[in-house]
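TrEMBL annotations:
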type	residues	note
ACT_SITE	HIS133	active site, proton donor/acceptor
ACT_SITE	LYS137	active site, proton donor
BINDING	ASP31, GLY73, THR74, THR75, ALA98, SER99, ASN100, PHE101	NAD(+) binding site
BINDING	LYS32	NADP(+) binding site
BINDING	HIS134, GLY143, THR144	(S)-2,3,4,5-tetrahydrodipicolinate binding site
DOMAIN	1-101	domain 'Dihydrodipicolinate reductase N-terminal'
DOMAIN	104-233	domain 'Dihydrodipicolinate reductase C-terminal'
Amino acid sequence: MNIAIVGYGKMGKTIEHLAKEKGHKIAVIFDKTPTHSELKEHNIDVAIEFSHPDAAFENLNILLGSNIPTVCGTTGWLKKLDQIEQKVSQYNGSFLYASNFSLGVNLFFEIVQQTAQLMKDQDLYDLKLTEIHHTQKKDAPSGTAITIAEKIMQKTGFEHWSLDKKEGKKDIPIYALREPEVPGTHIVEYFSDIDSIELKHTANSRDGFALGAIKAAEYIYDKKGIFTMKDVLGI
């Protein structure tokens, strides 16, 4: 595939390196929002977008408006997701967003949801989520932590989440910590005065995220529609 990389931070550089290892060609790299004319100058099969929360929406509008299948891993912009999905429909395009592309994290989502089903009537326990990321991460809580909270809400009586506090019995508190050189750690803890149950995923490097994004690009580039990592991984 000929891949356009939009966003050339640590993730963009990792995607470039691993995509080449897998035999793909990097058609072009953009470290700022491309124009339609700039995109037309290159033979692009698929774009992978990892930029910043304040740039992602404009990037996606340009890419999808240019009929380029697009994989997006930028978090912090999802209040406008419905507008992007309308754009996909308008142009009969191809789009996949994921808060996390790691195979391990996507399996973790399923484990978390199954555990939530088991714990939903266990009133003895309280619940909290903790996410730890590198100090360069702009948004808090992480998109992955929000996805975890949503997975739990789908199976329980919890109705919303709050950052760094708990606002009632139906609220899931998410505590966001920032530490140097941490790719990503997510912890789901059910706790009581008697004992605690902890589910934890720790990323040891960015390679898992990058490989998952490349796998997503391989999946969508010849398809039409809106997809998730569950489609890619068959789970």
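Every residue, even glycine, has its Cβ placed from backbone N, Cα and C.
Because TrEMBL annotations are produced automatically, they should be read as predictions rather than curated entries.
Here the features listed in TrEMBL are painted onto the structure.
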residue	record	contacts (Cβ under 8 Å, 6+ apart)
ASP31	NAD(+) binding site	GLY7, TYR8, GLY12
GLY73	NAD(+) binding site	MET11, ILE48, GLU49, PHE50, TYR97, ALA98, SER99, ASN100, PHE101, PHE209, ALA213
THR74	NAD(+) binding site	GLY7, GLU49, PHE50, SER51, HIS52, PRO53, ALA55, ALA56, ASN59
THR75	NAD(+) binding site	PRO53, SER99, ASP139, SER142, GLY143, THR144, ILE146
HIS134	(S)-2,3,4,5-tetrahydrodipicolinate binding site	ARG178, GLU179, PRO180, GLU181, VAL182, PRO183
LYS137	active site, proton donor	ARG178
Under 8 Å by Cβ from LYS32 (NADP(+) binding site), same chain, sequence gap 6 or more: ALA55
Number of Cβ atoms other than its own within 10 Å, given for SER99 (NAD(+) binding site): 20
Count of other CB atoms lying within 10 Å of the CB belonging to GLY143 ((S)-2,3,4,5-tetrahydrodipicolinate binding site): 20
Max pairwise CA distance, angstrom, over record-listed NAD(+) binders ASP31, GLY73, THR74, THR75, ALA98, SER99, ASN100, PHE101: 21
Under 8 Å by Cβ from the residue listed as 'active site, proton donor/acceptor', counting only residues of that chain that are 6 or more apart: SER142, ALA176, LEU177, ARG178, GLU179, VAL182, PRO183, GLY184, THR185
Neighbour tally for ASN100 (NAD(+) binding site), based on other Cβ positions within 10 Å of its Cβ: 27
Secondary structure content of the domain 'Dihydrodipicolinate reductase N-terminal' (1-101), with strand meaning DSSP E or B: 43 helix, 22 strand, 36 coil
Cβ neighbours of PHE101 (NAD(+) binding site) where a neighbour is any other Cβ within 10 Å: 27
